[in-house]
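Below you'll find the structure, written out as structure tokens, and then a few comments.
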Amino acid sequence: MTTASSSGNGSSHQPKPPRQLMPDAITIPAEILTRHRARVLDPTTAVKTKDGKWPLSTVYRSDVMLVPAGDVRKLRDSKARPAPEEDINGVLGRIGLELRPPRDEGWNSVVDALPENVGVPVPLKWRDDQPADRAPDPWAGYVVLQDALGERVANYGLDHLLMPASITVGGAPVAHGPSTGTPVAHGPSVDGGIVMHTGDRNPVAVLMPKPVRPKAEFLPGGRRPVVAVLDTGIGPHPWWDDQDPTDPIYEVSQDFQDQLASVELGIGQLSPTQPSPLSSPFETQDEIDPLLGLIDAHSGHGTFVSGLVHQLCPAAKILSLRVLHSDGFSTESAVVLALNWLLDQVANHGRQIDVVSMSLGFYAETATVPEVQQVRGLIEQLTGLGVLVVSAAGNDATTRPFMPAAFARGTGSAAGGVELLGAVGARNAAGDTTAAFSNWGEWITLWAPGDALVSTVPVWEGAAEGGLALLDGAGLGPDVRTAPDPDDLRTGFAVWAGTSFATPVIAGMLANALTEGEMLVTGESAGVDRARGALKAVNRQLVERGWKKRTPVLVKRNHEEVPAT
């Protein structure tokens with residue numbers, strides 16, 4: 001048996017132990033960094049951590065730090081100088097920095113309502129007595145706080161820029177390339193012309209009828225499983241038309257969107273190119289280049305995800321929370337706010353939420369990742385209440401852990417894995433091989449097709465036209481002959497690729513498993529048990545379908561990671 005190499009030459013198939021030769025560099029287009037007021041942490045110039053190690057490359061907002069709400073209230077309201085172990089700004093002042101909570105009423109109303117340990121973005125400034133010749137660096141501020149206060153600031157951190165886990169034109173953020181430094185973009189192909197995936201949001205015609213939705217009263221417990229989708233929102237589509245307002249296919253939360261918009265407006269629109277706050281729960285078509293009218297790269301992402309959930313579980317209700325912009329990027333603080341909102345709904349308002357689907361993530365800057373305790377802690381609290389969480393494993397063909405998915409087996413943390421969190425890798429359409437773009441590692445716990453998937457997109461038409469258009473019949477007409485127009489989504493369906501879409505496949509399967517037997521019947525301790533039952537049932541289905549992938553546990557030997565024997 002031979003396998004194709006990137007140079008096009010065949011070679012004998014001799015499996016080698018998987019290993020990560022060197023940390024991957026992250027490359028983000030300058031316009032994305034500018035739009036989101038973000039920077040890339042450069043390990044060659046960054047301040048070392050307390051243990052003397054270089055940080056890994058990551059992307060984070062350049063003018064804020066994530067600070068627990070309880071500490072924000074102390075910073076804002078305290079009149080007297082705090083004790084040394086509480087003097088956050090005193091420590092930051094050693095390098096001329098300070099945290100300045102905004103005075104904005106909307107921002108403060110959100111902060112006042114948050115639990116003490118939930119992080120919010122707080123502007124980091126130079127002190128008034130400090131000459132400012134450059135922008136302050138939140139990473140430097142974080143390191144000096146860790147050095148001085150240790151565990152006291154365990155819930156502080158960078159506000160990481162989160163990226164989607166779908167394949168789009170322009171490639172993925174982790175660059176792989178030859179020693180010359182030329183990165184290989186995960187677009188249509190890699191070196192040698194090997195096709196990595198089937199395409200980017202290409203419109204297709206679907207002739208099958210929409211899924212049949214059973215009535216809620218016929219389901220166990222008389223209720224629908226609820227799948228919360230954290231994504232770009234939801235857009236117009238015939239599948240959502242004429243839905244019963246008393247029993248809708250999807251719901252949105254203006255309350256959550258108002259909270260998110262208040263936080264973003266409170267820290268200031270510091271960049272004229274920054275996208276508008278996500279105050280609406282619905283998808284936008286052309287926010288990035290409105291003068292051109294082109295459909296943005298990730299517009300329709302949330303609708304595509306929701307459609308996959310609906311295909312796998314027509315009985316489910318989808319709760320759509322908009323956290324991703326139409327360029328596909330979000331912030332850790334937005335996801336933290338969304339997870340806290342869901343937790344509050346379940347814990348304090350008796351709302352039934354069964355599955356959370358997140359097709360996004362980021363690469364953390366250290367191997368121990370104390371900085372992302374915020375996200376992990378909220379996921380642990382949700383799963384502790386019996387809420388299943390699934391998160392995309394990323395599309396960069398790397399073993400580097402992609403957060404928050406990597407918490408599923410504890411990679412990058414002293415703690416063990418989160419039991420009811422699933423990290424979802426992508427298989428090819430047939431389900432029996434790993435998609436070329438999918439990340440890989442022992443931290444990935446679930447696998448599903450993520451290439452060549454077909455689902456719903458908003459019924460939109462962008463300004464771009466096909467590359468060919470002329471009257472048919474050699475100019476006789478009246479019909480027009482054209483090349484395909486990828487900016488024309490009027491069919492309402494498209495084919496797309498990414499672990500972004502393997503994730504809602506698993507979410508839909510979990511929701512469907514919950515409709516079996518008595519799993520939706522509630523009780524004192526039913527939540528965690530029924531979630532475990534659904535996860536066990538889905539794992540059986542993955543084996544039956546041939547999607548289940550056994551990933552060997554890696555151990556270090558002779559400075560290399562090799563499969564454990």
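Our numbering is plain: 1 for the first residue shown, then up by one each step along the chain.
Each residue, glycine too, has its Cβ placed from N, Cα and C.
Since this is a predicted model, take the numbers as computed values, not measurements.
Annotation comment: TrEMBL describes Asp231, His301, Ser500 as active site, charge relay system. Look at TrEMBL and you will find 1-14 tagged as compositional bias 'Polar residues'. Feature annotation from TrEMBL assigns domain 'Peptidase S8/S53' to 222-515. Feature annotation from TrEMBL assigns region 'Disordered' to 1-23.
Rounded to a whole value, the Cα-Cα separation of Asp231 (active site, charge relay system) and Ser500 (active site, charge relay system) is 10 Å. If you measure from the Cα atom of Ser500 (active site, charge relay system) to that of His301 (active site, charge relay system), you get 9 Å. In sequence order, Pro164, Ser166, Asp231, Thr232, Leu324, Gly328, Ser359, Ser500 are the residues of the chain that are 6 or more apart from His301 (active site, charge relay system) and have a CB within less than 8 Å of its CB. Of all Cβ atoms in the protein chains displayed, 32 besides its own lie within 10 Å of the Cβ of Ser500 (active site, charge relay system). For the recorded site, Ser500 (active site, charge relay system), the DSSP three-state label reads helix. Looking only at the domain 'Peptidase S8/S53' (222-515), the predicted model's pLDDT averages out at 91.
According to DSSP, His301 (active site, charge relay system) sits within a helical segment.
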